[in-house]
Amino acid sequence: MERAQRRWRKVAYGGMQPGYDDNHTDDTFLQEMVMNANVVKRDMLKVMLDSVSISQYLCIVALVVLVWTHTLNSTITENFLIVLDITLVGSGFFILLLTAKMLSFNLLLSYATKISFFTTGLYVLSPIYHTLTRSISSDSIWALTTFLVILHLFLHNYSGSTIKAPGALENPTLTSNISLNASIVASLLIASRLPSRLLVFAIILFSLQVFLFAPLVTYCLKKYSFRLHLFVSFLLMAMTLTWVYRLHKLLFVVLLGLLVFVNLVCPYWLIRIQEYKFEINGPWDEAKLCFNITD
């Protein structure tokens, strides 16, 4: 009789209620259950367009590997690499001036000053890099370089930039910094197998320009115009596939298959697995803050 008179109340910190077990719930407990409330329905075309950024960076890394290969084969000279470095710096700053909204003259001057100090230090240290792996066999260098490039691609932040872009709120993540360090070490390993110190300086400068500033330039370009981003990406894919085909046909097939897998197969898989996603929300969920806590 006492249990029928006392009605169970849903309270968080009221303790045990007389006549009810500690884990008791009434018939209204599951009425607030919501299924798949936060599941986002994705569009196939939008997912494919978003995956273009991944293919774009895969082509950028492939171009760097092509330059490494031709430099090791003595197909590319020191003068060509130095001209290429200067061209990349000039075109990169030009694109940043056109696309970055928060880029001021003082910030651009700061970038130029840091690059000049960085280039000077790299030139001074190039004799050390030249003899860095003299006691290590070439097979070990190629294997370690391949592993580091794969690690770089696996941990790279494809949605942002390794360097904090002008006006960006988020800082680079730990995984993106690890990815950048892996690419730098891979560049040093390749440079240490080159015959001259000037060639070592030129190839390291080229690699660091690409791995450091290419994500920043492509990020600003994407923020400025998504159509221009798509145009540059598809142009880059076509150029990369053409040069890889001239180098080796099997590598061309591998790269083409990888691009198809990233841009077609992976988006299709993502759309299909959304059908099997099952999420349950209800009064048992932990409370979530709807605002950011800042110091």
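Including glycine, each Cβ sits where the backbone N, Cα and C put it.
What TrEMBL annotates here:
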type	residues	note
TRANSMEM	47-68	transmembrane segment
TRANSMEM	80-100	transmembrane segment
TRANSMEM	107-129	transmembrane segment
TRANSMEM	141-160	transmembrane segment
TRANSMEM	172-192	transmembrane segment
TRANSMEM	198-221	transmembrane segment
TRANSMEM	228-245	transmembrane segment
TRANSMEM	251-271	transmembrane segment
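When each of 172-192, 198-221, 228-245 is checked for Cβ pairs under 8 Å to the transmembrane segment (107-129), 198-221 comes out on top.
Between the transmembrane segment (141-160) and the transmembrane segment (80-100), fewer than three CB pairs separated by 6 or more residues in sequence fall under 8 Å, so the two stretches do not touch. 47-68 is the stretch from 47-68, 80-100, 172-192, 198-221 with the greatest number of Cβ pairs below 8 Å to the transmembrane segment (228-245). Sequence-distant contacts of the transmembrane segment (251-271) (same chain, six or more residues past either end, CB-CB distance under 8 Å): 42, 44, 47-48, 51-52, 54-55, 58-59, 62, 237, 240-241, 244-245.
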